[in-house]
Amino acid sequence: MFSSVAHLARANPFNAPHLQLVHDGLSGPRSPPAPPRRSRHLAAAAVEEYSCEFGSMKYYALCGFGGVLSCGLTHTAVVPLDLVKCRMQVDPQKYKGIFNGFSITLKEDGVRGLAKGWAPTLIGYSMQGLCKFGFYEVFKALYSNILGEENTYLWRTSLYLASSASAEFFADIALAPMEAAKVRIQTQPGYANTLREAVPKMYKEEGLNAFYKGVAPLWMRQIPYTMMKFACFERTVEALYKFVVPKPRSECTKAEQLVVTFVAGYIAGVFCAIVSHPADSVVSVLNKEKGSTASQVLQRLGFRGVWKGLFARIIMIGTLTALQWFIYDSVKVYFRLPRPPPPEMPESLKKKLGLTE
């Protein structure tokens, strides 16, 4: 499967569309003979500096590694905030706000108590990041080749949504067991303090169901979140380079490009938090309680209940998403991976729409 995907990816429209236009000679007739030759020479040099080919197995593997770092490290870094957010969701009478939640946690558990659940967070979200970013690149290449160059451009937002949803479906299966353990450790005082204590206890009480009963609500939370995360990020980057950044992306330094990545990531993160928060509340309560179903929890929480802890989640997810995209893009820069620019309208489509002479 992966070999066929790699073969398709080499020809897909996201594989450096700017360079492809020059190579095909589509922009040649309007330029003197010398500049096009120089452009082709520079384009070739740019391709040669990459450590691997776009769509190759090495490319996808390194993208997955970037996902491991971006998701695993960032989620672990905000464990204290995540812990307070989860406790606000499952016990709103006791934890009435962010600062109140931190105060109570410090008083009852001490500073070390704020780090509860760091191990399942690191393991679970590293596995999720591997699948999320790695499979996103795979599905985006696969779907774009099915659509063709013109439809890929016209339906690019739908492409981002479909690719990210497909990737997140598999990513959540990898995340679910560790997410269940994390919530138990963070929200049930005295249940377990470490991952090694929680896993055997959960298995003894409920079997495998303890680890996967939350996968459906996890899909409810994470798939809309990831669809918004990737689609909003891709379109925001495109808009920033088009309307905000005063020069073309090709003329920006790597550092300037990474700043654009961070800003676009934060904007995407705010929308992600809002879209996914109700399901996040259900997941937190469901993993705390034994024998409950998602529909029962949703009915009990009500409309106001599912929005508890939203402000904390906006701060956490906005920062998380910005850092994740920054780290992911930095990994691509460090390993010299192909980083195609935002898509441009194909010349064939411009001619059909009468935008060229």
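Sequential numbering from 1, following the chain as shown.
Backbone N, Cα and C atoms are what each Cβ position is placed from, and that goes for glycine too.
Swiss-Prot records N6-acetyllysine for one of Lys116, Lys182, Lys204, namely Lys204. Relative to the membrane, Ser51 and Lys254 are recorded by Swiss-Prot on the same side.
Here the topological domain 'Mitochondrial intermembrane' (137-156) has, by DSSP, the following mix of helix, strand and coil residues: 18 helix, 0 strand, 2 coil. Cβ neighbours of Lys94 (N6-acetyllysine) (same chain, under 8 Å, six or more residues apart in sequence): Arg87, Ile104. Taken residue by residue with DSSP, Lys204 (N6-acetyllysine) is part of a helix.
For the repeat 'Solcar 1' (58-142), the predicted model reports an average pLDDT of 92. According to DSSP, the topological domain 'Mitochondrial matrix' (82-116) comprises 25 helix, 0 strand, 10 coil.
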